């Protein structure tokens, strides 16, 4: 049987010094025979999705210790993409994913931890910890801080979120008082932003991957039911330790759970729920850490066959994550996919022998278990707070309407093709991605003239000064992982296009990426990126570009000869922005840029350069 990794620092006379230090942390004689379980917390007062996590690591620790383990907590960094957005701070967001992954690896390996509990929540923290867990391949459970409650105001008859505040702020017809009212109401509680944005998308995907417990992605941060998820995470990691160290059960390890089939399940869910395009970036990166050959081609293949069964903000104003929970949560969607034979139900999870068994237990349509029904009735209280587990509101009934409800069955899908698509063409030879769930059907085929910007800042200035007119395709380049560096999110440009009434009359194409809050004909992750010699760097003002989502195509309408001529010309002067940028790029960001791959590889480090 495998020995505890921690034995390296706890066993033998020569480890007396290490044990002396362990004792200084509070360990006793009998603790040296127990598994040492690392708790990777991500508490910070900078991020609403993490502001309530301070004491939750110790909640898990006490449960681990009660059940015979030794718990040791540490913290990672966490960047708030919304606060970092619109200025040079966004350059640091995606690179922080690698820092988080490395920091978890460093702590777990430096101290020979036997297992891991990841307390994550927001945009790059869950992906970074996911990458680390698959890299380490020790028993691991994920538990998130949970989603924020949606906001409410008398100015609108629908719920609010962060994007509403951003769009209204750029609307010249809105008064300062209206903007202030929405600003104060859009983000009322702690938790990750309330729509199907990147953070919530990733926390939902950990359920499909099998690495977190049911409800992880959908129980709001303020609800008392989430406390039980944290306690159960402590119990589950102890069980996983017994299964691996006591019985050498490989399905207790992240790589034994997150197999190729599990990654197919995750992207199938992603497509069905119209998740953030960032999830593609992060799943590709995680798959590489899992040593799974999961690529853009696999995503393209699945996107053609999976319908959209759930539509949530920003793709609609009707539903937020709290409504998904009321409709049965992620297992409600997984159950419908399973009924359509679109899932691998024989894969393992941290909490059930197979995903199929878990679906049978947690599907509100298929089970009569009152405890399960009660669990999915957990709702929001509408009381502004930064305190976790502070309310116990329950919906009077579940949303079991699979015809017109938040979650649909296969027959009544929101669309027959899913919410994410991969496009290819002469300006995205290795692919680019679009969240079709947020694109109006009238512009699934769109042709327009290019208006090229060499930075997000220039594009924002151009949009706000009315340079962008109906029928144009805004091209923002040199914003990829290497060229930015850091692959900035383009939520401000897309929000401002909406504010100008151009959401259905223009498109945006970039080698950067988009916030999970983005909707509209916004196509990102163009690969190769401009800084790596990608053809997006060859587009000129006035070029006609044709986007054809049904055919999964995007092309600039010029001859191959002209494209080749431009390539030679660009190669001679170097792949860099035509206009100089005032952007301050630190040595840390330069180091990231030197190793960064394009988005089709997950923007991970190019290991061939190491």
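Every residue, even glycine, has its Cβ placed from backbone N, Cα and C.
Site annotation (Swiss-Prot): Mg(2+) is bound by 81, 123, 124, and the candidate from 457, 467, 479, 489 recorded at this site is 489. Between the CA atoms of residue 122 ([2Fe-2S] cluster binding site) and residue 81 (Mg(2+) binding site) there is a gap of 9 Å.
Sequence-distant neighbours of residue 123 (Mg(2+) binding site) (same chain, 6+ apart, CB under 8 A from its CB) are 79, 81, 93, 197, 198, 199, 202, 278, 516.
Following the DSSP three-state reduction, the secondary structure of residue 489 (Mg(2+) binding site) is strand. Within the group of binding-site residues (122, 193), the Cβ with the highest number of other Cβ atoms inside 10 Å belongs to 193. Within 10 Å of residue 515 (active site, proton acceptor), judged by CA to CA distance, lie the following binding-site residues from the set 124, 193, 489: 489.
Recorded residues residue 489 (Mg(2+) binding site) and residue 193 ([2Fe-2S] cluster binding site) have their alpha carbons 16 Å apart, per Cα-Cα distance. Residue 489 (Mg(2+) binding site): 32 other CB atoms within 10 A of its CB, across all protein chains. Under a cutoff of 8 A between CB atoms, and with a sequence separation of 6+ in the same chain, the neighbours of residue 124 (Mg(2+) binding site) are 78, 79, 81, 93, 94, 96, 97, 100. Within 10 Å of the C-beta atom of residue 81 (Mg(2+) binding site) sit 28 other C-beta atoms, taking all shown protein chains into account.
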